[in-house]
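K.L.:
According to Swiss-Prot, the protein has these features:
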- 51-86: repeat 'WD 1' (REPEAT)
- 100-144: repeat 'WD 2' (REPEAT)
- 149-188: repeat 'WD 3' (REPEAT)
- 190-228: repeat 'WD 4' (REPEAT)
- 231-272: repeat 'WD 5' (REPEAT)
- 350-376: compositional bias 'Low complexity' (COMPBIAS)
- 350-378: region 'Disordered' (REGION)
- 739-777: zinc finger (ZN_FING)
- Cys741, Cys744, Cys771, Cys774: Zn(2+) 1 binding site (BINDING)
- 778-857: zinc finger (ZN_FING)
- Cys784, His829, His832: Zn(2+) 2 binding site (BINDING)
- Cys821, Cys824, Cys852: Zn(2+) 3 binding site (BINDING)
- Cys824, His826, Cys843, Cys848: Zn(2+) 4 binding site (BINDING)
Amino acid sequence: MSGNTHGLSWFPHFPDKFVSWGQEIHLYEVRRKDDHSQKSRLPYISVNYLANESRYQYARCVAASYHSDQPIIAVGLADGKVGICNFRDTYDSSWEYTPRQQRMCTCLAWNELDANILAIGHDRHRNDTCITIWDIERGVPKETANFFGVGESANSICWDRNHRTVIAGMSQKMIKLFDLRQSNATCQSIQTKTVQGLSVSPNGNYLCSYVDSVITLWDPRNIKSPLRQIQSSKNHLQIAWCPTRTSLLSSLQRDSSYITLYDIRSVDTDNSGEIYHVKRQISPFPARYQHSGKFSFVNCLSWHSRDFERALLLADALNILDFRLPATLHTAHSNRRKLPLLMQRPLYTPASPTSTAATPTQQQPTSSCSTNSGSSLDFSTPGGSPFNVDLLKPELFELDLVDETRQRALEDYGIKPDNKRFGELHLTPYLRNVWSTLNNVYSEDRLTGLKATLGINLGHTSEALMASSRIESQVLQWPEGINNSNKLICYRSEQRDLALQLCGWAFEQELDRFIDQLYANKEYSRAAMICVFHLKIFHACNILSSAADNMRDPSMYRITVIALSSFNADRCSSTWRNQRSSANMQIHDPHLRAVFSFLTMEKDNFDAVLKEEGVSLSDRMAFACKYLSETKLADYVAQQIQAAIDGGDLNGLLLTGESQDGIDILQSYMDTSFDVQTVALVAINYFRQELFEDKRIQYWIASYLDHLNSWGLWEKRAELDIKIESIRPSSRSSRTVFLSCNFCGKSVSNALLDEPRPRSTTTSTNRLSSCPSCRKPLPRCSLCLMHMGTMVNMSNGETPTTTPDVPGWQTKPFSKWFSWCQTCRHGGHTEHIMQWFKQNSECPVSSCNCRCFDMDGTKPNTLRDIS
């Protein structure tokens, strides 16, 4: 594949073939699992190279046809010529169409019902048409009924689901529908600027189009007004419907590495047929590539016509990836009611569903999604591995994760991170332990992990010099009555003592108080384990003996006390080691297993203790800081960091602190739990500002803020914004959002906000009723018809009171400010708008049916006085 690739597309009726185009056009076949041929291979997808088409270079647009006998494409060129290619050596001149006037071909669309009919769109020419309907079996079109749009340009084109109506975006200002069933095709048009990317959903209920950063949804059966507009932060590059889902719309945005998905839902509330959507952004790149710079942007996407939620992606105009959407559970909240969106299902049953009947040792985890008819469908990934739903935790189906996240937000989860506060929240023990660990490690406005504290792999940096200190080692003496020839070497340094404290262990002189605290918290086995690690074996026996009196089943503690009190390592170490592996399976308490592993160790081999995952990472790290040499300690820290990244264990932040490894741990936890709330709040509370340049942190925070907005939790959102702003540099950036005049485009905000001196009523009214630059009238309030910026009570002779040295905008109550709907753009004074929507549901403008207040989750009848 030479040069950059501009686009790619699956063939609708050839599920294993796709075409890519750029300088040349190439045909590929996805390699089967048992195919080991080496004809050609792309870097990130196993394919066989089949053919290329060199006659048509630098294609402007390419469309794969619906022919079922052979792969055929239509190619549109910059000079307007359109060619039909079947990747054979034979040349047929009848398969080329050249318009009368030379200009660029802009769009192509095959008819799904009649595979020989092609719709062609060209750029504008004043004496020629821009839309051509070509039946390739009948040769070059000549009848006037096949040409439309004289003196116009075609921006995009598609077919309706009845396959007899052509829908075209024309001249950047309208959408036209041409019904070809009529002898002289009738035309229906609607004025709009969203004319790019026209496409009809698989169920035929929605028509989508876009311009810049706005996506518009239409009803193709009644296209008088849009159903909904979706605003994005970036301009769109491509939009497309997923063919295996009823209403899943995908969008690629310029200079973005994410795929944005909109799950469109219609809820018939009071016969209004309101449209809602659930937005989701996913990164198609493997986690190990997300921060490596290997991939930057997604340039093109092509959905597979049969495989469930499978797509081809073009990254950086060079790399082609075969991608399938990860399994997710959707539960959304509308502003009026809760909308449950369960496990997504395909539109139809695959032709050959896979079945698994392997032995227990060979069986791979599979799952199925039940359809309404009771049958089951198994979905497989392109590589052959099963579409695994069983990997989702069962709690996800039993608990409403959205409700849980929303409830935590209402309880100020993560706003004030302190241990007492987290004890009052409804958190899992895992999250409560994670936050407690982070609070313990966080000091001096930094989350310094044990890796930095111990000076591991820091080179010759200043942190390494601060962490370097003299390490003392001493041989510990076993207690009297316990004969053990193994030398137990303990390592001490200032950094290791600090690490022990960060792990929650007390200093030697405060050990008894620490053990008593654990005993008071009924952590008996952990207290006994720490005593044994400090060679206070008889103290551990006393703890377990006292604890056994308070237990319903004291047998395990009693047996442990007997074993410890009569332990003699030199006499029975071999016997204990032989029995330990089988006995550990019977001991359910991990702390007791660690006790026996420690006592029966061979020389300085502590692997059994360090690999006991039932013991918390902080306890294992404290043990490692006490008994491991420098080299072994560094290796163990590196192993645990990698294990935390692979498993998504937030406890690994104890080791990494605020670093790139810490961000990788958060990303891995996010991938496995979908808990964007915890990930965002950890980053906000404990990561320094320099790390906020990482796109992943920005994405987590933006996603969580979007959740708060969708729930109408404006005050919680504001509190979080204030907290985020407090950790940023104190230098305040200049204002970047202005009110601009519709006529001259200049800022009106300065005139509206900066009024340091009181003015007379007449002067102020005249000045505020028009643009200060072009003097054109400003918008009026929909209810009182006063101009924007005019105080509500000015017409009654009241003047706003101002105080010296106070800007004018601070003396205006919020209820007198101007607000407007983001959908219909109608507005007015906030006080008037609030009063109107307490009694009405539609926009106050008589010709507008927009339900403006439904965009907010707050009920009008419960609003408090905002003046």
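Positions of Cβ are set from backbone N, Cα and C atoms, glycine also.
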K.L.:
When only pairs 6 or more apart in sequence are counted, do the repeat 'WD 2' (100-144) and the repeat 'WD 1' (51-86) reach 3 or more Cβ pairs under 8 Å?
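P.N.:
Yes, since the repeat 'WD 2' (100-144) and the repeat 'WD 1' (51-86) share at least 3 Cβ pairs closer than 8 Å, they count as touching.
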K.L.:
Using a 10 Å cut-off on Cβ-Cβ distances across all protein chains shown, tell me which of the binding-site residues (Cys824, Cys843, Cys852) has the largest neighbour count.
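P.N.:
Checking each of Cys824, Cys843, Cys852, the winner is Cys852.
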K.L.:
For the C-alpha pair, I'd like the distance in angstrom between Cys774 (Zn(2+) 1 binding site) and Cys843 (Zn(2+) 4 binding site), rounded off.
P.N.:
29
K.L.:
Which chain neighbours of the Zn(2+) 1 site, leaving out Cys741, Cys744, Cys771, Cys774, have a Cβ atom within 8 Å of the mean position of the site's Cβ atoms?
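P.N.:
Here the nearby residues are Asn742, Phe743, Gly745, Lys746, Val748, Pro772, Ser773, Arg775, Lys776.
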K.L.:
Quick one: DSSP breakdown of the repeat 'WD 5' (231-272) into helix, strand and coil?
P.N.:
0 helix, 22 strand, 20 coil
K.L.:
Please classify the secondary structure at His829 (Zn(2+) 2 binding site) using three-state DSSP.
P.N.:
strand
K.L.:
Looking only at Cβ atoms, how many others are within 10 Å of the one on His829 (Zn(2+) 2 binding site)?
P.N.:
22
K.L.:
Could you break down the residues of the repeat 'WD 2' (100-144) into DSSP helix, strand and coil, giving a count for each?
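P.N.:
The repeat 'WD 2' (100-144) comes out at 1 helix, 19 strand, 25 coil.
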K.L.:
Can you break down the repeat 'WD 3' (149-188) into helix, strand and coil residue counts using DSSP?
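P.N.:
Counts, helix then strand then coil: 0 helix, 23 strand, 17 coil.
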K.L.:
Rounded to a whole number, how many Å is the Cα of Cys771 (Zn(2+) 1 binding site) away from the Cα of Cys843 (Zn(2+) 4 binding site)?
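P.N.:
Roughly 25 Å, rounded to the nearest whole number.
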K.L.:
At the level of the C-alpha atoms, what whole-angstrom distance separates Cys821 (Zn(2+) 3 binding site) and Cys741 (Zn(2+) 1 binding site)?
P.N.:
17
K.L.:
How big is the Cα-to-Cα gap, in Å, between Cys784 (Zn(2+) 2 binding site) and Cys843 (Zn(2+) 4 binding site)?
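P.N.:
So the alpha carbons of Cys784 (Zn(2+) 2 binding site) and Cys843 (Zn(2+) 4 binding site) sit roughly 14 Å from each other.
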K.L.:
Long-range neighbours only, meaning 6 or more apart in sequence with Cβ under 8 Å: which ones does His826 (Zn(2+) 4 binding site) have?
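P.N.:
In sequence order, the residues whose Cβ lies under 8 Å from that of His826 (Zn(2+) 4 binding site) (at least 6 apart) are Ser782, Trp820, Cys843, Pro844, Val845, Cys848, Cys850, Cys852.
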K.L.:
Just to verify: the residue among Cys744, Cys771, Cys848 with the fewest other Cβ atoms within 10 Å, which of the binding-site residues is it?
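P.N.:
Lowest Cβ count within 10 Å among the binding-site residues (Cys744, Cys771, Cys848) is Cys744.
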K.L.:
Suppose the Zn(2+) 4 site is Cys824, His826, Cys843, Cys848. Which further residues of the same chain have a Cβ inside 8 angstroms of that site's Cβ centroid?
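P.N.:
The surrounding set, listed in chain order, is Ser782, Cys821, Thr823, Arg825, Glu842, Pro844, Val845, Asn849, Cys850, Cys852.
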K.L.:
Here are the binding-site residues: Cys741, Cys784. Which has the lowest count of other Cβ atoms within 10 Å?
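P.N.:
Ranked by other Cβ atoms within 10 Å, the binding-site residues Cys741, Cys784 bottom out at Cys784.
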K.L.:
Using the alpha carbons only, what distance in Å do you get between Cys741 (Zn(2+) 1 binding site) and His832 (Zn(2+) 2 binding site) once rounded?
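P.N.:
Roughly 23 Å, rounded to the nearest whole number.
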